[in-house]
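Asks: Found this in TrEMBL, in case it helps:
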ACT_SITE  Glu169  active site, proton donor
DISULFID  Cys66-Cys78  disulfide bond
DISULFID  Cys71-Cys85  disulfide bond
DISULFID  Cys278-Cys312  disulfide bond
DOMAIN    41-96  domain 'Chitin-binding type-1'
SIGNAL    1-19  signal peptide
Amino acid sequence: MFMTVLLLVLSVQFIVTEGDGSSKCAPNECLSQYGYCGTNSTYCGEGCKGGPCTNSKTTVAPASKCAPNECLSQYGYCGTNSTYCGEGCKGGPCLSGSSNTAAPPTPGTSATVSSVFDENVFKCIFSELDSATLTKRFDGLKTAASKMKWTPADDKQEIAAFLAHVSHETDGLKTYIEYCKSQGTCDNYQKSPGCSVQAKPGKQYFGRGWLQLSYPCNYEACGKAIGLDLLSDPDLVNSSDEVAAQTGIWFWQSNGLGPLAVADKFGETTKKLNVYECTGHPGHHMQAKRISTYKTVRKCYGLPESTGNLEC
């Protein structure tokens, strides 16, 4: 059952600080603890690093507060995977070849975007979107992929699987918010087994973004990776096309879905995204629609029919 959703549009811009710590934010803007410029409490409140801050308390962890086995990421967070120990790692057991002086890309620039991001193919996949919305979504994908340094495999298997899942999860990119309100299920994602991260009072962690980011643990981890406090403000996920796409790419990369897609194991990617749809689970009937979407996306990319296992 679908409902009309009003998407909030919030302009967010990534900022690089100068060597002396000053920022390139406009005079009336604050530099948030995560390196973004803006004028509301998200930027000028707790953790604000520069500009007309209303609360200058910084919450980004210094290197000394990371555990001995943890790395301090370029954004000031502690963790143990490549998000923290890879490029830009500032302290701890950084991976070989990482640089502790790496900076995020400056506004208006982008890394080389893979040729698999083809706007004509995008139009084929999301044909029900109006022209303006489609262009915004496509631009958001390109910017997000550049910032996340994500280059899908050139054989187009990976991007086809990714966009098929995105289409299925977002009703063809018509919404970034799960259709849960009318069903009364929006509070079903406040905690998950094995997750110690607590939901913030008054906040809900239902599906948002390109791959429907859900549960406090994922909001916190994804937020740390992309430099936004998604745990405190989960609606930031659907605040812009770029952020919505970044969360989808983060989940895709963090769960190793790319190699599975390249190996033509679409069913396995579905299992990692939503085991609820797999055989023996209550939502198994929904899997057929996801597979049908994947077949359509493959045709848009000019790929032959999949010979792998499409079901999970």
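Using the three backbone atoms N, Cα and C, a Cβ is placed for every residue, glycine included.
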Asks: Work out the three-state DSSP category of Cys71 (disulfide bond).
Replies: strand
Asks: At the level of the C-alpha atoms, what whole-angstrom distance separates Cys312 (disulfide bond) and the residue listed as 'active site, proton donor'?
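Replies: Counting only the Cα atoms, the answer is 17 Å.
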Asks: Between C-alpha atoms, which of these recorded positions comes nearest to Cys278 (disulfide bond): Cys71, Cys85, Glu169?
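Replies: Sorting the recorded positions by distance from Cys278 (disulfide bond), the top entry is Glu169.
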Asks: Within 10 Å of its Cβ, which one of these disulfide-bonded residues (Cys71, Cys85) has the largest number of other Cβ atoms?
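Replies: Of Cys71, Cys85, the one with the most crowded Cβ is Cys71.
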Asks: Let me know the most crowded of the disulfide-bonded residues, choosing from Cys278, Cys312 and counting other Cβ atoms within 10 Å.
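Replies: Ranked by Cβ atoms within 10 Å, first place goes to Cys312.
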Asks: Just the number: how many Å between the Cα atoms of Cys85 (disulfide bond) and the residue listed as 'active site, proton donor'?
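Replies: About 31 Å separate the Cα atoms of these two residues.
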Asks: For Glu169 (active site, proton donor), which residues in the same chain are close in space, meaning a Cβ under 8 Å from its Cβ, but six or more apart along the sequence?
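Replies: For Glu169 (active site, proton donor), the qualifying residues are Gly207, Trp210, Leu211, Gln212, Leu273.
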